[in-house]
Each structure stands twice: as structure tokens, then as C-alpha cells.
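Listed in TrEMBL for this protein:
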{"type": "TRANSMEM", "residues": "66-87", "note": "transmembrane segment"}
{"type": "TRANSMEM", "residues": "108-125", "note": "transmembrane segment"}
{"type": "TRANSMEM", "residues": "145-167", "note": "transmembrane segment"}
{"type": "TRANSMEM", "residues": "187-207", "note": "transmembrane segment"}
{"type": "TRANSMEM", "residues": "298-324", "note": "transmembrane segment"}
{"type": "TRANSMEM", "residues": "345-365", "note": "transmembrane segment"}
{"type": "TRANSMEM", "residues": "422-441", "note": "transmembrane segment"}
{"type": "TRANSMEM", "residues": "462-482", "note": "transmembrane segment"}
{"type": "TRANSMEM", "residues": "488-510", "note": "transmembrane segment"}
Amino acid sequence: MMEKGLSKQGNLLSNASYGTLISKPMTQLSPEDPWAIVDLVDDSKKWAEMTTKEKVFRVFDNGLRILSAISLLYFFICSLDLLASAFRLISGKTTGTIFRQNKLMQNPVVGLMIGILATVLVQSSSTSTSIVVSMVGTNVLTVGMAIPIIMGSNIGTSVTNTIVSFAQIGNKNEFRRAFAGAVVHDIFNWLSVFVLFTVEIVCQPIFGIGYLEWLSGIAVGKINSSSSTDGEINILKEITDPIVGLVIQIDQNVIKGWANDDPSYENASLIRQCGGNITDPIPCEGIFIFENTTLKDWSIGLILLSISLFVLCGSMICLVKILNSMMKGHIANVIKHVVNAKIPYLPWLTGYIALLVGAGMTFIVRSSSVFTSALNPLIGIGFISIERVYPLTLGSNVGTTTTALLAAFAASPDALHDTLQIALVHLLFNVSGILLFYPIPFMRFPIPMAKFLGDVTAKYRWFAIVSLVGMFFVLPATVLGLSIAGTVTLQCVGIPFLLIIVAAVVINILQKKSPSLLPPVLRNWMWLPEFCRSLEPYDRQLSKLSCCNRFSQDEQEKTVNVTTEISSTPLSNESIP
């Protein structure tokens, strides 16, 4: 949207119903600032000047747009539900198997990576944390072993939001903002895990108990009785079931049975059966499309994956276009100002209200992925700023913890203490992360880091795919593979890798803040080969592939590139040490 306004400076966009629209920046920032929220001034015919026919047409047109947007949002949410079912069917017993690797999970690093992989496979932190809670309740896992898995599930759940941002990859600036709005969630989760996981590991040998395990243990106290969960709120399920339930129905008990190594579920299908028993099931006759098929679970999963991705991308692209046409004129600008404004005299309070809104909305829809993904197109078109979406995202992290809490109350009375404790670990982890990276403005590192990645991916759009695959699939799978080879192998590879990363970060900071403290050779990265300090060589190679042409930086983009350059060092934002 902004790109179109910049490239057509002074041109009028005619519209039979809305007249002409002139683009100007809402703030005093430069028109080339890709993060500036854009005001669109509507100079179309005023309501009082319209004829009766024009008024009827305007009302009908606006109503049709609103109805279309709501319908597309509904199909978008349904596609997310189908996507989660597809991943469950494709992964099959993999999720249960990795949860049963009790010996491996005694290594907290492995537990963390298992949490990431399991959540990515089931596409739901609510599902993975509920499985962990049930495993703690049946003594398959201890609370201490389950804590790293809970941390990993927080990271894995943000993959959905990142995938959704790819629907706007066709527009450079929209993708810049959408990807940044998605990865701000990822970065917060990774930073929280890095700090709190380290604290947990350090506290174990010193005090005999980790920080989160100790704090959650105090919170549960002497609880020893069960409660009911009849008051559970799940509006999202009620909304999507009429459509998704006609296509596929997943039996959650099978996933839990596999996780708990229940022999009665050994050869069970994930597709729901309506009668009989596990070994001799009776299909749900006529209830849903795949209820009585000879296809394997993984085959159905691949079909659902194709359908869900098609519906997701199609609905998202159409939704963005409709939102672009709706978010114009006086009323839309008023809404923009209200959403992004601060409370007079108490501006610091605005973010905390956004936190509560994010937590409340996620509690209602019971899915942080759906809530944050629904915000993504609004971020992309410039309706909501990254600064405003950040507290909404943090609030959604808190809201999603209610599922594990409700699952904990469903445990038997003798297991309630442990299940409630691990559920509270999930809540306390997110609250601790918020206390670290939100109250002090200086500590809100995820915002500038997300903008940096947004700038890089706007210039090298293929890098967004690389980062997605690397952070959510390759890294966890590699660590898991090294752990199977042995703890010594994991340490020999992992410790040097971490030291190199930490050293590169420290040197980068010193290069920008205090270069005089560094030896001359380390004041820039020019001594490294180009492929070690820049994405440009990779971009040149990818540009030779016809399939990747649109994701590489062409000459026209180079001339209008607005990526921030750091003039104090020879490094640019796309450089990677």
C-alpha cells in the first residue's frame, strides 16, 4: 500500500464510488520510512452531497465489503484448524514417540527441542502442553523434566503466525511489516527461553531446584483436591466445527494414548471413530468426508495440507485486498489513531491495557495462533504498528496458558498437585518473560530486532523461508540428532557454536557503540569472506534460478531500497557475521 503511494506521487487513484485518494504519512517521518503508518485522505463526495441512489450504493457496497471480510476471516480460521489437523495426521505417532523418549528428556536441552518440534508438528501449544500435563499426571514425566518442553512449546506455537505472513510476500513493504509483526512473537519467545532456561539450569546445581519449579511449587502449596472444568470456554471450536467437522475429525485421545505408550492405541487411527472400540471401531457414518476411507492417515494429511494452504493463502490475499480498500477515509483514520494512540496523561498504561486485551481475546478463542495470525494482515497494510502489536502478542502468550490449567484440573485428585504445578509453570514462564522484556522500554529488544529482520527479508525475501525452516525445523532436529549420538557430542558441537554466536553479538554491539575498545581488525567484518558477512552472494546465486527470481533483489529494488544503513561501520543491516 505504501509502496503504491510512493511510486505514484501526486497521482490520483480514481474510484467511481469513493472519488480520489491521496496518500500522506501519518507521522512526521520521511515518506520513505517503511514503518510509518499511512493516512489515506478521502476526498470523495460527501454524504450530504450524494443523491439517494449514490447513498444506497455506498451503504450496500460498504456492507458487502464488511460481510466479505468477515467471511474470509472465518475461512482463514477454519484453514488454520485444517492445517493443524493435517500436521497431526502427517506426523502420526511421531509426536507421541518423541514425548516418550524419557531418557532423552532428562537432558533439558533435548527437552526444549522436543517441545519445539512437537508443537510445530501438532500446530498448537495448547495440544502439546495438555499432553505434557497428562504425562505429568500419569508420572511419565516429572515436573522438572517437563519444564523445558513447556518452554519449547512456547517457541513452536509462533510458527503459524510466521507462515501466515508469507501470504503478503508479493508486496515488499507489506511483507516487511507482516513478517516483522510475526517474528516479534518468535523473538520474544526465543529471548525468554534463552534467559529463563539458563536461569533454570544454573539454579538446579546451586539450589537443588530450578526457578520456575520452585515458584510454581510455592503457588500450588498444599492443593490436593480436584475441580471441574465444565465452565470451559471454547468459542473458536464452536465457530469452526460446523465446517471443519464436515471435513475431518481428530481423536485427541489417540495422541495422548501414544504419548503415554498405551498399548491399546498401538495401531489406532487419528481419525475419529464414533462407536465400537479401539481395536474394532465403528466409523462415523456420513458425519465427515474422510470418515470411512481406505487411505492412510499420512495420505489424508497431505490432502488436507494442500487444501488448507490453498484456502489460507487465498483467503488471506483476498482479505488483505478488502482491508486495503476499507481502511481509507475519515472513519478508518479515526480508528487507526485510536488503536495506535496512547492514553492521555498515562501513556505508559496503554501497553498494559493492550496486554489484557490480547490475553482476554486469546482466552475466548482458545488459540494464540489464531489471534496473532488474524492481526497479521492489519500489520501488513499499516493499520497497526509493531509497537502496538507487541503487547497484544505478549498478552496472547498469557491467554493461551489457560488450556493447560483447565487440563490440569481434569487430573485425578492424587495427581492434581503435579499437573497444576506444570500448568502454572507455563503461566509463570510467560509472565516472567513479560517482566523481563516489556515494563522497561529499553528492554523491549524484540521490536528493533523484528524490524531489522523485516528490513532484511524485504530486501532478500528468500531469507524469510530460510529463517523459518532453520529456526523451527533444522535447529531442533539437529540438536535432537546430536543428543542421540550422546551428551558429549552435543556439548562438543553446541558449546563452540554458542560461543561463536555470543562473541559475534558482543563484537557487533561494540562496533556500533564503542569501536575504540576493539582492536583495529575487529572494528569491521571486512576481513571475512563476503559469504560470511553478507547475504549478497547467496542472493546473486538464487537470482539465477527461475523459481527464486521474485524472491531475490533485482536492480529496481536496489534503487529504491530503504533498508537502514549504519553509517558508523562498514556493515549494513543485511550483513551477517
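Just so you know, glycine gets a Cβ as well, placed from its N, Cα and C.
Because TrEMBL annotations are produced automatically, they should be read as predictions rather than curated entries.
Note on the transmembrane segment (145-167): residues 80, 83, 99, 102, 105-106, 108-120, 123-125, 128-129, 132, 135-136, 175, 178-179, 181-183, 185-186, 189-190, 192-193, 196-197, 200, 210, 212-213, 312-313, 316-317, 320, 368-369, 372-373, 376-377, 380, 397, 400, 404, 422, 425-426, 429-430, 464-465, 468, 472, 476 of its chain, located 6 or more positions outside it, place their CB under 8 angstroms from a CB of the stretch. Using a cut-off of 8 Å between Cβ atoms, the transmembrane segment (462-482) and the transmembrane segment (108-125) share at least three residue pairs, counting only pairs 6 or more apart in sequence. Contact between the transmembrane segment (187-207) and the transmembrane segment (66-87) does not hold: fewer than three of their C-beta pairs are under 8 Å, each pair 6 or more apart in sequence.
Away from its own ends, the transmembrane segment (108-125) comes close to residues 80, 83-84, 87-88, 90-91, 94-95, 98-99, 101, 131-132, 145-157, 159-160, 193, 197, 200-201, 255, 367-369, 400, 472-473, 475-477, 479-480, 483, 490, 494 of its chain (Cβ-Cβ under 8 Å, at least six residues beyond either end). Same-chain residues lying 6+ beyond the ends of the transmembrane segment (422-441) with a Cβ under 8 Å from its Cβ atoms: 129, 132-133, 136, 143, 146-147, 150-151, 153-154, 188-189, 191-192, 195-196, 212-213, 215-216, 219-220, 351, 355, 390-391, 394, 397-398, 401, 404-405, 407-408. If you look at the transmembrane segment (298-324), the same-chain residues 6 or more away from its ends with a CB under 8 A from one of its CBs are 1, 65, 68-69, 72-73, 75-76, 78-80, 82-83, 85-92, 164, 166-168, 174, 247-248, 271, 290, 376-378, 380-381, 383.
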